[in-house]
């Protein structure tokens, strides 16, 4: 039998040790990835729970507030109030017309609450979007796992 040169044996042992080190590194990375996956799954569950809660809150708000149009009419003309004014009033026609302009309640009184709800909804959507899609700098930090 031929004797294997010791340099070849040492080369093989070095290669085997390098391979074992790489295998251990890969196993550590795999474990780290599994932990990250578990954390992400937990975050997803938390986000789904938040979305569910926000949807319930939105439904409650929508049920509590009557649906409002997106645009507020400039000059509302309520048909029910005008005939009553004409029947009950004994004022001259010019004063009667002036009084009709005062009677309708200003629609602007409802606008702030409506705008607040829209702004609040927009803020909630932005918050959810940030939670679901981290900003670029956050993604950069999380991708430096090596």
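Cβ coordinates come from backbone N, Cα and C, glycine included.
Automated prediction, rather than curation, is the source of TrEMBL annotations.
Here the structure is a predicted model, which means the values were calculated and not measured.
TrEMBL annotations:
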type: COMPBIAS; residues: 66-81; note: compositional bias 'Pro residues'
type: COMPBIAS; residues: 120-132; note: compositional bias 'Basic residues'
type: COMPBIAS; residues: 135-146; note: compositional bias 'Basic and acidic residues'
type: REGION; residues: 1-34; note: region 'Disordered'
type: REGION; residues: 54-146; note: region 'Disordered'
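Tertiary neighbourhood of the compositional bias 'Basic residues' (120-132): same-chain residues 43, 47, 50-51, 54, 58, selected by CB-CB distance under 8 Å and a gap of 6+ residues from either end.
Broken down with DSSP, the compositional bias 'Basic residues' (120-132) shows 13 helix, 0 strand, 0 coil.
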